[in-house]
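The block underneath contains the structure these notes are about, expressed in structure tokens.
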Amino acid sequence: MPLTKYKAAAVTSEPAWFNLEAGVQKTIDFINEAGQAGCKLIAFPEVWIPGYPYWMWKINYQQSLPMLKKYRENSMAVDSDEFRRIRRAARDNQIHVSLGFSEIDHATLYLAQALISPTGEVLNHRRKIKPTHVEKLVYGDGAGDTFTSVVPTELGRLGQLNCWENMNPFLKALNVSAGEQIHIAAWPVYPGKETLKYPDPATNVADPASDLVTPAYAIETGTWTLAPFQRLSAEGLKMNTPEGVEPETDPTTYNGHARIYRPDGSLVVKPDKDFDGLLFVDIDLNECHLTKALADFSGHYMRPDLIRLLVDTRRKELVTEAEGNDGVKAYSTRERLGLNLPLDGSKEDEKVPVAL
């Protein structure tokens, strides 16, 4: 039986820009802080390590190259010692960790999320299915075996999505069908509505993400919804500006966008513009009952005989091996990267259950 009442935290802080080691240490520090505060769950923003490359929205290709090279050099592999250190921190603090990071696998980057258990096991490893707009210049697409979001945990059925995935009706439908109870709506860093210039739509600023998309997700799915957000400082603005370009000097518009919402879409907490740290919430899963009694889109309030969603969770490799009966060999990113193995052991020690 899952816990029904527990404390959770959402991170709203500035990443360690372009610095993998500093990012890992800052992540561990926050995990320690949340653990000491009695939290059972901590949620980090989208690509928290090594920070969201917002510069790609503001500069041209030639200007981006030095920053892109450094960004790739400081992205994190899941079979790395850095990732194992974060898993150990989760184990040491007996806490679930929802981590967003720029994952490097072979020569491609992915907008990745991992859900780490209090024993250090990787309960889920997913990749954003489609990078947004100019993000395609930095990241690749997730595959069939890396986009599932919701997994059963001792805290309830917990799901994760990145940025505009949280307003994708098909991904929301998939999460609802899994009976999601707690949702991590991980967001990057981007500016507020003060920066809007016609004809750029309000879709492209932080305020609708915080105050429209995220509470809509909560009320439509009937889930506790944590929305961690990155922040920026004046120094961070300089670090995210290429040489020869005048940096912005006021980071205020980038800050104060993290939120936590109840299953009925009502606001629990939002930070001041100058707040950097953890937002806390006392979760009671039983609050999901009445919202889902009114509208459960995976049960009594849906018509699967009329509307259904086709999902393909198979991975398609560029090169595949033939098997008997004219079939092809099945591939698993999870197994290839060793995420099915225990944190400090070998294949002979034990097998970690594959996330559903």
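These residue numbers are counts, starting from 1, taken along the chain as shown.
Cβ atoms here come from the backbone N, Cα and C positions, even for glycine.
Per Swiss-Prot, the features are:
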type: DOMAIN; residues: 6-285; note: domain 'CN hydrolase'
type: ACT_SITE; residues: GLU46; note: active site, proton acceptor
type: ACT_SITE; residues: LYS128; note: active site
type: ACT_SITE; residues: CYS163; note: active site, nucleophile
Cβ-Cβ neighbours of the residue listed as 'active site, nucleophile' (radius 10 Å): 24
Within the predicted model, mean pLDDT of the domain 'CN hydrolase' (6-285): 97
Protein Cβ atoms within 10 Å of GLU46 (active site, proton acceptor), excluding its own: 27
Distance [Cα-Cα, Å, rounded] between LYS128 (active site) and the residue listed as 'active site, proton acceptor': 10
The residue listed as 'active site, proton acceptor' versus the residue listed as 'active site, nucleophile' - Cα distance in angstrom: 7
